[in-house]
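K.L.:
Copied straight from TrEMBL:
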type: TRANSMEM; residues: 12-33; note: transmembrane segment
type: DOMAIN; residues: 15-143; note: domain '7TM GPCR serpentine receptor class x (Srx)'
type: TRANSMEM; residues: 53-76; note: transmembrane segment
type: TRANSMEM; residues: 96-115; note: transmembrane segment
type: TRANSMEM; residues: 127-146; note: transmembrane segment
type: DOMAIN; residues: 151-248; note: domain '7TM GPCR serpentine receptor class x (Srx)'
type: TRANSMEM; residues: 152-174; note: transmembrane segment
type: TRANSMEM; residues: 195-219; note: transmembrane segment
type: TRANSMEM; residues: 225-249; note: transmembrane segment
Amino acid sequence: METRTQDCIAGVLMITLSLIGFSANALILRVLYKSFRAKTFSAFSVLCCSRSLSNCGTLLCFILYSGPVALLGSPYGPEILGLKFGHLTTLTYKSVVYVQLAIAFNRFIATFFTFKYPRICHRQGTFILLGIVWFITGLHCVPEFLRPILYYPSYSVFLGSIGLNLVIFAKLSYHTLIHSKEMGGQSRERHRKNVRCFVQSFLQELLYIFEMAFLQVMNPKEDRFMAFVCYSLLWECTHVWDGLIVVIYRPDMRERIPRCGPRRKVTMAIQISVVQSTART
């Protein structure tokens, strides 16, 4: 395959995937904005909003710069423009890594300290946690901002998040298998909510784990297009998947999709009519 053809394919793929992922993450921000309010505050949803905001920032750079540069075959604008887009993607990508750890910590508190969760993960505490996340992200980006090096997030951050999720999985599995029949109505509902939130966060993290493992196994330096797939396309796909899994997984997101909302209403209307007809008979 010719180099120019590879560039065009890469540009089309980057722009198309970025538009899909940006739309999904923007929908998450639109639906979950109410979680910032005092009456409907949700620490988990606020952390998801921060994650989606970072995804939007990264994908916007693919839409406005990386994709067009691949299609054009050369950078556009002054050199500093590409440098600033690179700084932005560095900041947003690494913030997602630390938000993953914050979400795992949030789920750990909800699972092991259920009754203390409202006091620990309240509005002020959650925003302090987010402030710490972005402060550490900024510190982590300083080496790359000061000199042209690629400084990946520490693997200890991924291992910490994975470790917390494994502990949470063991706890939730134990309660499901051993104590599910003993749970009352409220306890059962809390347990189901914890399971739903854990599954969502774990599915979001799954592709990041695959990305890190894939880069360790593959050696794409000899093939130009394979290097694009490993370092750019797979990186982009993690942010697209991050938004799509929330939209697909959560009913309040699916309702905002034009084809999903009407179908649900039709289904509910059919169920109501069946119940009414059954009652009459």
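Backbone N, Cα and C atoms are what each Cβ position is placed from, and that goes for glycine too.
All annotation found in TrEMBL is predicted automatically rather than curated by experts.
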K.L.:
I need to check the long-range neighbours of the transmembrane segment (152-174): which residues 6 or more away from its ends have a CB within less than 8 Å of a CB in the stretch?
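P.N.:
Beyond its ends, the transmembrane segment (152-174) has Cβ neighbours at 94, 97-98, 100-101, 104-105, 107-108, 111-112, 140, 191, 194-195, 198, 201-202, 205, 208-209, 212.
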K.L.:
When DSSP states are grouped into helix, strand and coil, how many residues of the domain '7TM GPCR serpentine receptor class x (Srx)' (15-143) land in each?
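P.N.:
Within the domain '7TM GPCR serpentine receptor class x (Srx)' (15-143) the tally stands at 111 helix, 0 strand, 18 coil.
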K.L.:
How do the residues of the domain '7TM GPCR serpentine receptor class x (Srx)' (151-248) split into helix, strand and coil according to DSSP?
P.N.:
85 helix, 0 strand, 13 coil
